[in-house]
Every structure is written in C-alpha cells, then in structure tokens.
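In what follows, a structure is listed as structure tokens, so that the remarks can point back to it.
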Amino acid sequence: MGRTVTAIATTFCFQMTYLMAGYYFTATEHYDIKWTMPHCVLTLKMIGLVFDYYEGRKEEESLAPDQKEFAVRRIPTLLEVSGFTYFYGAFMVGPQFSMTRYQKLVKGELTDVPGQRPNSFVPALKRLLLGTFFMIIYTVASPYIDEEYLISDDYMKQSFWFRCFYILIWGKIMLYKYVTCWLVTEGVCILTGLSYNGRDEKGLPQWDACANMKIWLFETTPYFTGTIASFNTNTNNWLARYIYKRLKFLRNKLLSQALSLLFLAVWHGLHCGYLVCFQMEFLIVTVERQAIKLVNDSPFLSALASNIILRPFFYLIQQTIHWMFMGYSLVPFCLFSWEKWIKVYMSIYFVGHVLFFILLFTLPYFRKIFVPRKEKLKKDE
C-alpha cells in the first residue's frame, strides 16, 4: 500500500482490532501481566511508524516541526523494523520513541562523544536509584494500602472522611508502581544512548528524550494538568502527535480532546472502568482550566491567591483536593468492573462527579461576579 492514507487506515484498524481481540479473550477482573501488556505498547509503535512513513513522502515545507523530525524518508529494512519494535529497553512498558531516533541510535549518532559510546552510565544509574526508591515506597506501603480494602466491609463501615482520605493516600501510592517501571526503563534507554537529547545552553548533555516522568513536577504540582504533564509523558506526547493534532479538521479543541481520551481509554482495555476514569480526567481538567482562568482574570481572586501569608494554606488545600480526586478518578481504572468501582463511588456519594459537575455549571456565574466588565472587554479585545 506504500505511503498512502489507505495504509494508515488499514494499519490503525488492524492493530487496534487485534489488540481489542486480545483484551476480549484474555481479560479478567484483575490486573494481569500477560502478552497484551507489551502488545499495547507495540500497537502505538506500529501506528506511529505508519504515520511517520506516510509523512516521509511530503516536502519538508508542508510539515510541522515535529513531523519533520519524525518523518521516515527511506523504506526501513525488516531488521530495522524488528529492532525498533522489540528494542529491549522499551518493549514492555514503553517509552514510545520514533523510528528516526532508533535509526540514529544504530548509526551511533546519539552520543555526547562523537564516534564513541555515550558517557551515560551515571545519568542511567541515577534513574535506576530513583526508580528503586519509589519501588521501596510502593513495596512497603502496598500491603497496607491496596484497592481490595476499598471494596471490603471494613472500609464501608468507616466514616465518610476516612474513606475519602484513604482514597487520597491509596491513589498516590498506587501510581508509584508505574513511576518505578518508567524510571527503570528510562535508565536503560539512557544507558544505550537512545535518550540523548543534545546539549543544553550550558553545553551539558541532556538525557531526557525518552523520559516518561518529571518527578519534581509530579510530586509538587497542585494541579491535575500538572500531574498529566509529568506522568507517562511519552504516551501523552504520542497521543497529542498522532491523535489529537490529526483531529484538527473538527475545529473543536474540546471535542478533539474528548475523542483523544476515548482512544486512550479503549487502548487501555475493554473494562468500563477505563472509560469512567478518562471521563473524569476530561471533566476535572475542563473545570480546572476554567477555575484558573477565573482566578487570573479576577483582580480580587488574583490578589488573594498571591497573598504571601495565605499562599501555603491555599497550596495545602489545592494538594489535598488534587490528590483526593486523582485517587477518585483512579478507582475505576484499578477496580475495572462495574460492581466494584460503583460500590466505592456509592460509599462516598459520587462526591467527585457531584462537585465537578456543579463547578462546571456554576463557574460561569462566579465569573460574572468576580470578573469586572472592563476586564472582560480587555480579554475580548
């Protein structure tokens, strides 16, 4: 089929259908480590490759900057495709990387010392040690804080505030198993040189091309958008590049975002919990962006948020809300089946859905109160 739209459509449909069939015939109500886990990573690789191969036919002037970087100009050999597909540092849990980056690695171009192996042992070791640190936290904490307790009778007997606090702590700890995997695999990519990303303004080598975690941002951000920007970043970048930006013809950012998250939910699996999780992400991010814009546009709220004395108090409240509803969103993601996650949501009265739907419809009215008409006119201009 060559470099055609037909090739893209065929590859996309085949890869997703094969993955969905795998999910359908092997899925259980528990988190299983089986062949579909690395295959979902492979699915994104193959879809990305066919897009990049298609764009290799176009003139550079017609391509966006990222498309120029990833466009595959010549036909890859079978050996190159096999090496790219099953690269040992990324075939299980990612990260995603392009064929052009892999070809540069094979040619020996991804190194801070031209003509020699990269001096990447120390940066790789740092990521391994950081991954080990989070693994220890997860290993020690997980026997005491796990999702099975969420559906236990003992949990249901606890107070509302205890149930909410448990979800907050559980959500934070649960994510550390993913953080561990991505940090360790990033270390492998750094060691081979695949993560080499040129030099910074000080002339120091950068090893973040395959980074899947921004740890400092992940641990300190009080925003849901901040967590999304720091967590599983390579997959998020892949989604933006090959799905979200390809929906530009819809001329509606919200619709493009919703369809992108729908793809991500289906890609994760056929359990309804995935759909609920990403629906909550869409709702929370939409509300958060409206709230941030309201604070920035309101002189009163902006001054209040900038108050040095109140700032630590606001930060604590933001972090509490942030991780409480991050955990809330992860409940269906981890419990999978309707019978389990609906039980947990009922125990806390669907507080996340109620709160964020109320905010979604009331924030425009708060905007009328807190944003002076002059400020609105300035923004419109």
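In case you wondered, yes, glycine gets a Cβ from its N, Cα and C as well.
Under the heading transmembrane segment, TrEMBL lists 6-25 (among others).
Marked as transmembrane segment by TrEMBL: 128-145 (among others).
Cβ atoms under 8 Å from those of the transmembrane segment (160-179) belong to residues 131, 134-135, 137-138, 141-142, 145-147, 149-150, 213, 215, 218, 231-232, 320, 323-324, 326-331, 334, 344, 347-349, 351 of the same chain, restricted to positions at least 6 beyond its ends. Sequence annotations record features per position, and here TrEMBL assigns transmembrane segment to 160-179 (among others).
According to TrEMBL, the feature transmembrane segment maps to 254-276 (among others).
Look at TrEMBL and you will find 296-314 (among others) tagged as transmembrane segment.
Counting same-chain residues at least six beyond the ends of the transmembrane segment (344-366), those with a Cβ under 8 angstroms from any Cβ of the stretch are 150-151, 155-156, 160, 163-164, 167, 280, 283-284, 286-287, 290-291, 294, 325, 328-329, 331-332, 335. Taken from TrEMBL, the feature transmembrane segment covers 344-366 (among others).
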Recorded stretches the transmembrane segment (6-25) and the transmembrane segment (296-314) touching, at least 3 CB pairs under 8 Å:
no
